[in-house]
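Here is what TrEMBL records for this protein:
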- C:10-140: domain 'Exoribonuclease phosphorolytic' (DOMAIN)
- C:Arg86, C:Gly124, C:Thr125, C:Arg126: phosphate binding site (BINDING)
- C:157-223: domain 'Exoribonuclease phosphorolytic' (DOMAIN)
There are 6 protein chains.
Amino acid sequence: MRFDGRKSDETRQIKMTRGFTKHAQGSVLIEMGDTKVLCTAMVEEKVPMFLKGSGKGWVTAEYAMLPSSTQTRKNRDIAKLRLDGRSTEIQRLIGRSLRSVMNLEALGERTVWIDCDVIQADGGTRCASITGAFVALVDALNAVDKLTPFETYPLQGMVSAVSVGIHEEGAILDLNYVEDSSCMVDMNVIMNHKGEYIELQGTGEERPFTAKELTALLALGEKGNMDLQNFVKETLGSDLGRIEF
Amino acid sequence: MRFDGRKSDETRQIKMTRGFTKHAQGSVLIEMGDTKVLCTAMVEEKVPMFLKGSGKGWVTAEYAMLPSSTQTRKNRDIAKLRLDGRSTEIQRLIGRSLRSVMNLEALGERTVWIDCDVIQADGGTRCASITGAFVALVDALNAVDKLTPFETYPLQGMVSAVSVGIHEEGAILDLNYVEDSSCMVDMNVIMNHKGEYIELQGTGEERPFTAKELTALLALGEKGNMDLQNFVKETLGSDLGRIEF
Amino acid sequence: MRFDGRKSDETRQIKMTRGFTKHAQGSVLIEMGDTKVLCTAMVEEKVPMFLKGSGKGWVTAEYAMLPSSTQTRKNRDIAKLRLDGRSTEIQRLIGRSLRSVMNLEALGERTVWIDCDVIQADGGTRCASITGAFVALVDALNAVDKLTPFETYPLQGMVSAVSVGIHEEGAILDLNYVEDSSCMVDMNVIMNHKGEYIELQGTGEERPFTAKELTALLALGEKGNMDLQNFVKETLGSDLGRIEF
Amino acid sequence: MRFDGRKSDETRQIKMTRGFTKHAQGSVLIEMGDTKVLCTAMVEEKVPMFLKGSGKGWVTAEYAMLPSSTQTRKNRDIAKLRLDGRSTEIQRLIGRSLRSVMNLEALGERTVWIDCDVIQADGGTRCASITGAFVALVDALNAVDKLTPFETYPLQGMVSAVSVGIHEEGAILDLNYVEDSSCMVDMNVIMNHKGEYIELQGTGEERPFTAKELTALLALGEKGNMDLQNFVKETLGSDLGRIEF
Amino acid sequence: MRFDGRKSDETRQIKMTRGFTKHAQGSVLIEMGDTKVLCTAMVEEKVPMFLKGSGKGWVTAEYAMLPSSTQTRKNRDIAKLRLDGRSTEIQRLIGRSLRSVMNLEALGERTVWIDCDVIQADGGTRCASITGAFVALVDALNAVDKLTPFETYPLQGMVSAVSVGIHEEGAILDLNYVEDSSCMVDMNVIMNHKGEYIELQGTGEERPFTAKELTALLALGEKGNMDLQNFVKETLGSDLGRIEF
Amino acid sequence: MRFDGRKSDETRQIKMTRGFTKHAQGSVLIEMGDTKVLCTAMVEEKVPMFLKGSGKGWVTAEYAMLPSSTQTRKNRDIAKLRLDGRSTEIQRLIGRSLRSVMNLEALGERTVWIDCDVIQADGGTRCASITGAFVALVDALNAVDKLTPFETYPLQGMVSAVSVGIHEEGAILDLNYVEDSSCMVDMNVIMNHKGEYIELQGTGEERPFTAKELTALLALGEKGNMDLQNFVKETLGSDLGRIEF
């Protein structure tokens, strides 16, 4: 059993507060245990240069941690005049993951700006960001849809993400900060509603992992994503209605 | 009467959630109507270069708006590689205001990092930041005091801030965004617990203001600050005990 | 009496050299005692993006200190890749102050670039900048007016600025560097020709100030601004003729 | 069969030129078909701040593309004042991969700087960088070892990397640029000499991939890495002698 | 005689590999002894803002050293967020030198991007860059000419560059790194095919130089440039055919 | 005869105001016709990292144009976040020129900061900067010498600079802006008091120049530098006394 009493295949307590703020069309505070990320989606009626005139839209993501979100204060990027390397990596992942379930032609020449701002970090912020941002994206697209209905609804499925890792006592699901720090291998599994992989990122910086361990990690990742997607389905209820599963 | 039903000398509904996040020693979500700012205070056991060896400490503040906190998405500073001019102005004001009630010798060679991150903006974010940051500062200093008691308690008084403005129908207290946008004159009044001025910033970009109008604004500012300080006293209760008033 | 022999309500010796350089339409070297600031105004026949097509013009200001203008050499902003926080605050103040006496519709789609470059600093550079820039602005607008007369003259009044402070022996006017460094409270008073306030910025970082002290400071500020405006009127003579007072 | 005549499980022609330049202790030009990357390793006798006094060393990597390495000229990072997001992601991957086979205590307080500069890009530059950098790292460590022999040799194994993808006709190994552009799923497989995973990065931005497809991709990835490692073993010959397999 | 056996008026061994990479229309690896610079020319069908609508084209150059090209690793510009001062100076020189033999009207509204990336530095990289870039420029212009023949061929002559210096034993031609470091005076001589000067840059930071020494340096510079131009003529053969000498 | 009535070998009217500002130990406003540059020298009692412990000092120069110094307003470097390429080139030239007459061992571990800020530009600002900075340097060194006399005086000679160019009607000395813009060839000649060359920079971007033309330019350059040095000698009088010619 784990330090916080969870079983190895159990996620932390999940909570999602939709409409957490009022200006963004989609605004969700997602909490996975003590990890809290504000995920927002704002729709802008224009596209980046490379898509002008293409009829296609874009989804882009930014990720940042508030200075007070970590145990030791984290300097703001602007103080160093450079975007944090880890944040760059994460926001590119969030963007790719969300675009994977989008029909960008159906979106039309619009940009959806996803912002994932970590209010409190306790492990798994990038995965929480993806899952929370998906819900914000649904809310934002529905807000647009209400005003000017989409011919084809631009969302084609669900996406969620969860971390898994190999600990001294074996593979575990949804690592908190303490577990993450002591893990030898960790992996982020991003899946759609069919249990297919959107993205897989496994890192064995501490020690490599075997094919057998990979199998165990993937099984946990699938379990976790299904739990998350069930939670998302309950949270969104009929608001998921326009996706054609 | 005002659009939202308030009297001209009435603040919006105030709410403060202490301990909003867990890593900072002081962490306060202040809400003034729809304006929500997360104010945190983190103590670091070292000082900037110019104070090394002086025996004195420092209080420094940073202010930023989340991209989704405003009606139209606000680009992050790092995207433009420069700190927003308005943010610069505001964070310098917050820092000066808090230092004005500090005994920096009593603090010892420590830095208190104040971070004011606007979660939702609806006017008056700089004033809310000062008032909220004061509460976070008290919590952070008390946390330090519990572990290694201060010989002399470094806080010497209270500080709070409120905006006042001149509207078509006269002077009003604590402007929300709609009022702020249509104001001809606006002023920020920062006061200590004795009703003395810490800082005054009045701007008549739309039209100048007379000495008589100034008097009306100052009276409202005093009223507002006293209301805020009463709220802060109730919120902090005995945690204000080590300040010698 | 003050160290340099002035009475408490006396400004330093003022000097203004119009046409100090030849490329800018307005170019004024203002000297307030040993403080010397080159204030220039250059008119560009286009406006920033947010005003395109609006029929309105803009006045924007930049402020910088030459590296050799201070006792200890001041690094250039470009060496640190960031605009000095204090300069940001000051140039925003200069811009707001000048715009307060402008009719931006009458200016038409033009930008007036104000540059205040401190050649030698001895206290009060921001106030000297505002007063000097006003004179440069008049010269620049008149230069435009001569070539293509304005239907409505875009200047609607005068603006000047002076610093006041509270010293050990009471309130004093127009602080030099030594006085500024030892002041407990200091305030910048920006006024128009009717003695109305354009902007008020009072700071009690060293100690707070009372309502009574504020009254004393404001009185000195009014006296100083009237002295400065008399000087400006003499300097400009009939060149002020198109302003309708 | 593929456009360039290769079988689906065949890598492009590999070529490695050791000692391509003279200043770096390790300098390898790796060619995978038309992809050419100069990988160098330079050893510096100091460590980053966070390791000072720890007795441990560090391996860090930088990755960049020459402006002329791509079909359309790629602007230099310095021209935009920001490190390319993709380059950030890649250089973090290279660093992690190489550190995974290092014993940083055995390295002592030294930093190995890995530079991967793409001379000509035709797909798979990040994988070529890892494989090429491994060879440069061996050469650099052996150069140090010759002068001041390591007590424990700091390399603990081999690392190589190869890309795999899903094409219209199924899974293929070692994608060139044309294949990469038309791939629906692509994955980078980084392995050690035991066939264990160091890092796995699979992306289904175009369409998700199933568990069955993953199995096919991993099999190709293992085949490719073994081919690469055989090539590396031949290239390095006895210079691999100090690694204890 | 010199350390490497050369006579005082002898260049190092020259080698030029045309078509070194495949994406740039002109791509030349120039080697002067151990100095190796990749010089590329890429033609873009647009011009910088200041030339839009002018009918004229532009040639611009960038110069950089790979981090591993020098004895001690050279940090990338992006790591310091500023373009190296020496690189700035050099790339401006390369651009001016190449433009001096161009007919920019004949080029039409196109930009030729010259990139000189130093693979290995052993003295004289700026001169090698100019000579190598000239050859790349010829190849790129001929590539354009083949597709859409120029009415007037935009190249009007040849340009080459060589360094000369004053050593303990007198003036020498084409300094390598060791000679460069111990030289008291050094000069870069850029010439056209008529032996006329395009640019002269002589620096006596170590000690000044006399008119007599200047004469000796210029004679060597002429000799070296003629040798280089003979080499270039052989290398390019009939590809120089469209220049009207 | 030239447009402004000068003969081809005549400089513009020279004026130098020593002690133009009070904070820098050396502060000279140099005027060459309408070109006005403020040249200051400030001595700091420390050296850059690479000289620490060497016993040697350093002279470094920065050059910038005020935004209002040119006909069209010149944006500040900080507005573009990058140091102007031309300024980089110029300040490196100023630094090298001044260091050429310094004995850096005799200076001791001090840095002399030279700042050349162009107040008004009318051609030849880089040459005026060098000549003016030399006078400021003398004043600054003498100020140090008075407080703590140098054992060996660190200045070993004089340095001055003048521009020459080839015009339609032949070679001319000390070009103003109009002449500079229409010149086909221009050259900066930096000389010491013995008439030896410190630096030569000749540019034939418009058209190349012949050996014969070079001879004419150098003769004019020598004449101009001797005139300037005579002026400097008169200006400095006995303050040049510690240089051993």
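Glycine too: its Cβ is placed from the backbone N, Cα and C atoms.
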Residue among the binding-site residues C:Arg86, C:Arg126 whose Cβ has the most other Cβ atoms within 10 Å: C:Arg126
Mean predicted confidence [pLDDT] for the domain 'Exoribonuclease phosphorolytic' (C:10-140): 97
DSSP residue counts for the domain 'Exoribonuclease phosphorolytic' (C:157-223), split into helix, strand and coil: 19 helix, 29 strand, 19 coil
Collapsed DSSP category at C:Thr125 (phosphate binding site): helix
Helix, strand and coil counts within the domain 'Exoribonuclease phosphorolytic' (C:10-140) (DSSP): 45 helix, 41 strand, 45 coil
Sorted by sequence, non-C:Arg86, C:Gly124, C:Thr125, C:Arg126 residues with Cβ within 8 Å of centre, phosphate: C:Tyr63, C:Ile90, C:Val118, C:Ala121, C:Gly123, C:Cys127, C:Ala128, C:Ser129
Cβ packing number for C:Gly124 (phosphate binding site), 10 Å threshold: 27
Nonlocal residues around C:Thr125 (phosphate binding site), in sequence order (Cβ under 8 Å, 6 or more apart): C:Thr35, C:Val37, C:Met65, C:Ile90, C:Cys116, C:Val118
For phosphate: widest Cα to Cα gap among C:Arg86, C:Gly124, C:Thr125, C:Arg126 in Å: 13
